[in-house]
Amino acid sequence: MCRSRTWPPASDTGIARRSSGSSKRRLAARLRIIATERCWVPKESIRHMDNAANKAANNAMHDAANSAANNAMSNAAKNTAANTANTKSPGSPRLPLLPQPLAAERRHGRFAAAASGLELRLPPSLCWLAEEIAAYWVRKYGVPLHTECQVAEEDWSWQLTVPLNRAAHSSASLPPPSPLGQEAYELGVGPEGIRVRAGGYRGAMYAWFTLKQWLDAHEGTEAPGLLVRDEPAHAIRGMHLDLKGAVPTAAYLMETIARLASFKINTLMIEYENQFEFVSAAAGVHKRGGLTAKQREDAISCARRYGMETIPVVQCLGHADYVLQSDAYAKLREDGLISQYCPSHPGTFAHVAAMIDEIAEAHPDSAYIHIGADETWALGRCERCRAAMASSEPGSAKADLFLGYVGKVAAYVLSKGKRPIVWDDMFHLEKCIERIVELPRGTVVCSWSYYEFGGPSSWFWYGGRYYASRRWLEQDPGAAPGMNWLEELPEADQAVARKWWDGGEYPERGVSAVPWVRHYREQGYEVIGASCARGADFINAWSAYPPDRVDNVKHWARYAVQADMTGTIASAWTRFYSLSPAIEHWESGWYPTIAQAAFGWRPEMEDEAFDSLFEACFLEGDADAMAGLGWLIRALDTREEAYFGRRGSYLAAAVLKLEAASRRPGPVGRYARGLRLAAEFERVVFSLENGLKQNEWRLFYKDIHVRPDVDYMVPRDLKGLRAALADALEWEKSALAYCGSFMNEEEARELVLSKLHAYKERIRRLARELSLGSQLEVVALL
């Protein structure tokens, strides 16, 4: 959620690399490091993963995963795992299925997928899926698949069967019926055909997605036998669709929704901002060329088809720049600021309520509306608010103002038949965690932290600051962001830390930087955790540091199990706030996004298993693409060196490894091209920084005549900068073409041209002040 950078980047403090051990271990798994520090050998593709060598290597992991499943899943899931744990054959390989099923095993025999006379039978509500399956069958096997939508017997109302013949229908390899949750399913593949039993609409659809991965992983016209019993750990496994920047085309939006669903994401939190065509409320804020009402309705219908819950966002207090920048709404500004509504102005609630009305009407099936209420740092600044706070007790005035207004908005959402969701950061900022009970019952709390990467936390987020023990100053200063000491807190605040944060290692470590979830749950509030898959790191970033984002997603998925949360949503910000630069196009975040799907379904999944299955199932077995991602991460981990640096070599290796994958058609090729552009971007920035360092020092000596004709160092240094500038312009050209393939032209131009603009301005200044325009060829290049 935090668009604002409240924690200094790793380059400033070293904090974000707190998980570097975990990241390096994952990198080792990703690249299958074999030799020494300077000799790395990428792993081979694991597309089929059914050779004998893999079997022995993966047996221990598979046993451990099944054991963890019995401990971590819901009671129903535990029972399912117990029923099938003993049927797994020794030495079975890691199966190419992502998310990993709760329990899965190979079965004897093979299914003849290309046999003639195959029939597909499934419930009428899934007839649209029958068309997709039939088209897939023709594409892969070249044979037609007769489909039949029928109302089956009550006990089998969510079945999907592909028998070789009707007589075989009754012998399909599934155990006797047992109660299944709405997203649970059982899948059997064998010589007699394919049969699915599911607990509901989503379960039947998810069974097909699992089956498709299994069929895709095997060449030819036959598929090995398989038995799967599966259900998720979390009821909510969500992704954030932020439409305030780097907005994709409507076609790409629909494709993304379908792709997220195929990895069993079941919730979309949609932040429209100026992409929603408000008619009465916030009239005039819709962005020219933005989503039309028809395109929005199509996207919502697409999500509905895939059984996805949509959670629209209406900012009720802060982050209202997209509305308040218009002078038409100036009277609603808090103390004249465009970032925040004034909660005391009589027109603010009416305005927000009208926006909620329109959003609710556009989302009739949505159970929730997210009302924001985060980072409202300007609370109480204007005269009207100061007057409203005058009667409050000392220390509680801002909390009173906040809760009075937000509680009123939440109650209004409840009156519309929907449940409000609020961010929780203002409760620990204002040190009023216990006052969560003043929110109306039925409100859902969304707790977020984007810089936790697993394990006990060395810092504690409270009162708007990060606190850590002074002992870290001697042990590891990188574990103490901000250098604010727990031991120096007032005793009352230390008592809060001991009560909620202390997990037995106080003051060095605590259970979580945001331990308040336990209190929210004790008070009876539903809680959703929020990680960040994209957009949390730098205000003008082209792409994120992937291991941190994956670790943060994984942390929240596991913490949600421990703290009895409903589930998690991975945010994916495209701007830090409405008026900041567009960042991190949607394609840049698939690695942590698929991690959200994988760990949200199966939190105890091992890191190495995720990386292997990301390659197998998302990258379709493209080992070079996975190696390219690994080398890019390795480059980001490596210190910059001016000459003969390994960082540059790692980036070059990433570009080379991604070359072939970039030429592939379809989503994998597009993702690989995005990774390659990320590596090329880092190379360009590195070259520009070096080129400017080699030349900008001359600005100090600009009164001394710079003579390229007599000082041979001048043309040499300028040559390097000129080459870097040429590379930068070529990168912009490539990036514009790439982004233009899934974004409209205006969105693509803003995203791409904002990234290197500052470097080009520095070069213009250098050329102007030193009269070096002809040597730099600035006019021709820029």
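Start at 1 and count along the chain as shown; that gives each residue its number.
Even glycines carry a Cβ here, placed using N, Cα and C.
What TrEMBL says about this one:
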type	residues	note
ACT_SITE	GLU375	active site, proton donor
DOMAIN	96-230	domain 'Beta-hexosaminidase bacterial type N-terminal'
DOMAIN	237-450	domain 'Glycoside hydrolase family 20 catalytic'
REGION	1-23	region 'Disordered'
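Mean predicted confidence for the domain 'Glycoside hydrolase family 20 catalytic' (237-450): the pLDDT average there is 97.
A coil conformation is recorded for GLU375 (active site, proton donor) in the three-state DSSP classification, outside any helix or strand.
DSSP states for the domain 'Beta-hexosaminidase bacterial type N-terminal' (96-230), grouped as helix (H, G, I), strand (E, B) and coil, give 43 helix, 44 strand, 48 coil.
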